[in-house]
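**Student:** Once you've had a glance at the structure underneath, I'll fire off some questions.
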Amino acid sequence: MFPQSRHPTPHQAAGQPFKFTIPESLDRIKEEFQFLQAQYHSLKLECEKLASEKTEMQRHYVMYYEMSYGLNIEMHKQTEIAKRLNTICAQVIPFLSQEHQQQVAQAVERAKQVTMAELNAIIGQQQLQAQHLSHGHGPPVPLTPHPSGLQPPGIPPLGGSAGLLALSSALSGQSHLAIKDDKKHHDAEHHRDREPGTSNSLLVPDSLRGTDKRRNGPEFSNDIKKRKVDDKDSSHYDSDGDKSDDNLVVDVSNEDPSSPRASPAHSPRENGIDKNRLLKKDASSSPASTASSASSTSLKSKEMSLHEKASTPVLKSSTPTPRSDMPTPGTSATPGLRPGLGKPPAIDPLVNQAAAGLRTPLAVPGPYPAPFGMVPHAGMNGELTSPGAAYASLHNMSPQMSAAAAAAAVVAYGRSPMVGFDPPPHMRVPTIPPNLAGIPGGKPAYSFHVTADGQMQPVPFPPDALIGPGIPRHARQINTLNHGEVVCAVTISNPTRHVYTGGKGCVKVWDISHPGNKSPVSQLDCLNRDNYIRSCKLLPDGCTLIVGGEASTLSIWDLAAPTPRIKAELTSSAPACYALAISPDSKVCFSCCSDGNIAVWDLHNQTLVRQFQGHTDGASCIDISNDGTKLWTGGLDNTVRSWDLREGRQLQQHDFTSQIFSLGYCPTGEWLAVGMESSNVEVLHVNKPDKYQLHLHESCVLSLKFAYCGKWFVSTGKDNLLNAWRTPYGASIFQSKESSSVLSCDISVDDKYIVTGSGDKKATVYEVIY
């Protein structure tokens, strides 16, 4: 078939110089395979060797990074210590005699003069120590010596800190570590140290200069832009004045809340002094104003005039909006300073500053006292108050904080720290004695521990103040229920499906399981048409609702009927009921009467069985212990009283200097939170004289409710704020700003939802985020 192909002779003669046979080809292929196999084996050995070297280099990388990081930490720690000691010296020297002042000043100046020879010795010692440390980790990468006159590339001369930084740069440079965030931080930090006159200034320490210099940096300009945006967001409340409804008169017996006072805005998660913002003398105050109820409330005259504004509530989970009437820190003006309730002995501001300056962070884990970029002091109240406080107290984060530290905070705590956030310059002046509020350049605290003898001390928050199971992160508004009248009472069903809102002459029922529903599922007309509902309570079975308000009768509604209906009415001698409470067994109802009595009703027989008499003015709020044995009531006579329900007698009485508008008893026992007309929230221990006093509200506290887990509670006020607090010391968990006075609130049994009723004729539903 293939005669030409089977005739090999011409091909061999013409094109092939050797004989082509199959065995030879196989031998040649075998030789080539063996050669490739040997080459593969050689490459494999080389690859394994490179992998081993790579592992070794990674070990060196980690070792030198840790050394460099540790040196950076130590350098900043020593720098901060030097600044604080310099500040203390500057404060103490004026107390010396003139002769000693000069001697001490000269000694301080001599101590600042570090010669190049001393720096060379320091650098040499540090390098030798680093080499000794590296011997235990395999052959060290050789360290390049840095003469005293030469600086590492890209880093400006750093004065007295050159030795440490030169060493850390040598370590990182030889192992090819380009840690840009660290270098930026060093440049920013030491640029301030290099300012002319800084090292020779005794009376104006470096820590006081840093903030003025930072004002020219990009972080400060960004902060100003952020503030302007916040100001625009907040100023639209004021522009809604033309759209506000007519004044609504609410008949509320014997109430007399004062009008909102000038109160400050500050970072609620911090409770201490902000050393970074000492003496910002040139800081310009950007105009900002916040909406608060435009009218005053009068319970004494039986009228509560609410000038409300129709605007969407704005949730601010961190910082209240700044007020334009607040003084800039560093100035002597202190408008809005209110006299304190207690009068503790005067505290020497010099001693205070020294003590505050020498404090260390309360909650910084890890091998070093504070991460780089942080100001390592806890202030008077422990600014490092949250999980993220290990790297930044969330609101007091240094603008030079590196990305590595931020990432570490996220990994460790699951929350992204608010990098670059700077609190507004308008500092709050809370209701505290001037000697506590007036710490020079200090950021006012808002949580104070008050001892039995009236001593007030800012509270250092523990490291788990804002973390842990059952502690929310923030709250998100998910629904608005347009009731149509001022909502003075709200309650949530169990399980969470229906919300009941009490307004003028009726209670409306809303189904919140379908967020799209914008209209109530039913309306319960009760009391008189023009009388406001002041309280409504569901029995645990969810089938009975009790309603009280500006009438002498309480309405009992049967919700299990095909159409809700009134199944009974309870009539008392008092003209109004301000608050209701139900016993855990659902057998008894307690009503706070405008005449000061506490009426006890038998719900089964629908009769009045007892009255607790003691309040000399209207009883405004009430709560009952979980075991049903103890009742707590607050009154317009400035007292909080506890009652033994088994024996029918008064147990305790707490006297205050302000009317009591709201209270709540912690479900887990021991703590009672009280909301005041004076804008304070006080948390009392039921068996001890000690208490906590909280100062974030700017006007009277109108309602208060504990979460069912007992770990936190919320309060609302005439200042349009909803505040969430940690039990009992009052670390601020989150804060929401609504568009009008927030008159009432409730928390669902599963602690997942909060409902508030406000003066702009609506209720707001929040989802609690954990």
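Using the three backbone atoms N, Cα and C, a Cβ is placed for every residue, glycine included.
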**Student:** So one of SER239, SER324 should carry the feature phosphoserine according to Swiss-Prot; which one?
**Tutor:** SER239
**Student:** Given the ranges 9-12, 225-228, 625-628, 737-740, which one is assigned the annotation motif 'Nuclear localization signal' in Swiss-Prot?
**Tutor:** 225-228
**Student:** Looking at SER286, SER398, which residue has the phosphoserine feature per Swiss-Prot?
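**Tutor:** The candidate carrying the phosphoserine note in Swiss-Prot is SER286.
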**Student:** How does the repeat 'WD 5' (696-726) divide up by DSSP, counting helix, then strand, then coil residues?
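**Tutor:** When I sort the residues of the repeat 'WD 5' (696-726) into the three classes, I find 0 helix, 18 strand, 13 coil.
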**Student:** Per DSSP, how many helix, strand and coil residues does the region 'Q domain' (1-131) have?
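**Tutor:** For the region 'Q domain' (1-131), the helix, strand and coil counts are 112 helix, 0 strand, 19 coil.
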